[in-house]
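J.: I have a structure here, written as structure tokens, and I will follow up with some questions on it.
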Amino acid sequence: MKATIFFLLLTVLAHSRSQYHYQGLMNYLENRMLAMEERIALWHEQNNRYNSDLKEFRQQAADLLEKLSKDHSKLRSDLEGAGARVDRVEREMDYIETKNPPKPCVKAADKMVEQDAVIKEKKKEEFFELSVCVNIISSLKAMKILKRLGSPKGLWTKDARSAKIYVFNGTSDNTLYEFSSMRELSSSSGVSKGKQITVPTAWNGTGHAVYDGFLYYISESSELQVVKYDLTNSSVADTAVLPMEERSPVYQLNPETLVDLVADEDGLWALYPAGDTINLAKMDSNSLDIEQMWDTACPRSNAEAAFIVCGTVYVVYNTKPPSRSRVQCVFDVNDMVSNGEAPLIYFPRRYGAHSSLKYNPEERQLYAWDDGYQILYKLELKKKLWAVMPPPEE
């Protein structure tokens, strides 16, 4: 009996303990559920607030984009109007420059004076001996942009006695490209269609010339060495060191070019620096000997390029940053250009500045390289005044 009572007491005690633990567990779970419900309610509240802020931000962004779109349209309209006004001003400037050109800087071989007394002293026989070619530029007739190929600086030119085009990409390399025609160059993707020509020594600057099947270039060496390269036989035909002490650029705005080799109707020439001015040398295209030298008195400052037509040097000037290029200094080795007929030519505004200008006497065109663009300028020529009216005999 006692055992039964003891067993019942133990059973009741165990049941009471289990009830206590169960109640504690339920209380814990209930508290955790309440905490989770509070967190969920807080998350919902924050989510609603974030959604509200996002909608407000989207509305503000949409309003701002709409305002920016209106401002952009207005700015574009203003820029188009400004561009039209600038074009109109440039056309008016072209007209004014054509009608009232400022007096150019003209230099002649012997400091020519235009007085009648001096003119009468000149002999007619001497005049006809010197003037092998008697053309002078009167104006730019047309401009054509062929394509854009390669580096901002370079050179392209054509041998006057063939249809081949030669491209020098950059200012220092030993590789150039030959194209059989203008059409082949125009249709080529880059220089892919060109024939690659590798010369023994790297060329320097953009002062190269192609004349009668030969390439004449300044070698990139410690000396100012002219290399004559046979384009037919792919071999060096001759070399010569120019007797020039200065290694300054011949044109201030193109510091890579130390000497500019030029070919025209009368043969091969070299333009080189001498102090603050540009000097000219007539070269024998066969032996590379220097036959005669002149001080053109054309300043190197702000010069970007030059070209020669019929023994007359035309130096092209610009500004930094680039503006409109212009011929502002003319030098005639035949002493046949007067102040009144020396042209002051403005080139159309383009992309940057000329890194090279090469004249083709057969086509009467300039091959120009401007910020990677290959440009052709068609020239209008006329007879020099003294060719039309030679000085009288004594």
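Glycine too: its Cβ is placed from the backbone N, Cα and C atoms.
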J.: Look at the disulfide annotations in Swiss-Prot and name the partner of C310 from this list: C105, C133.
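T.: Answer per the record: C133.
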J.: Within 10 Å of the Cβ of N204 (N-linked glycosylation site), how many other Cβ atoms can be counted across all chains shown?
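T.: If we count other Cβ atoms within 10 Å of N204 (N-linked glycosylation site), we arrive at 21.
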J.: Any idea what DSSP makes of N204 (N-linked glycosylation site), helix, strand or coil?
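T.: The residue in question, N204 (N-linked glycosylation site), is strand (DSSP, three-state).
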J.: Sorry to bug you, but what's the C-alpha spacing from N169 (N-linked glycosylation site) to N233 (N-linked glycosylation site), rounded to the closest Å?
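T.: Per the Cα atoms, N233 (N-linked glycosylation site) and N169 (N-linked glycosylation site) stand 22 Å apart.
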J.: By a 10 A CB contact count over all chains shown, which of the disulfide-bonded residues listed here is most packed: C133, C310?
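T.: That would be C310, with the highest Cβ count within 10 Å.
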J.: About how far apart, in whole Å, are the alpha carbons (Cα) of N169 (N-linked glycosylation site) and N204 (N-linked glycosylation site)?
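T.: A Cα-Cα distance of 11 Å.
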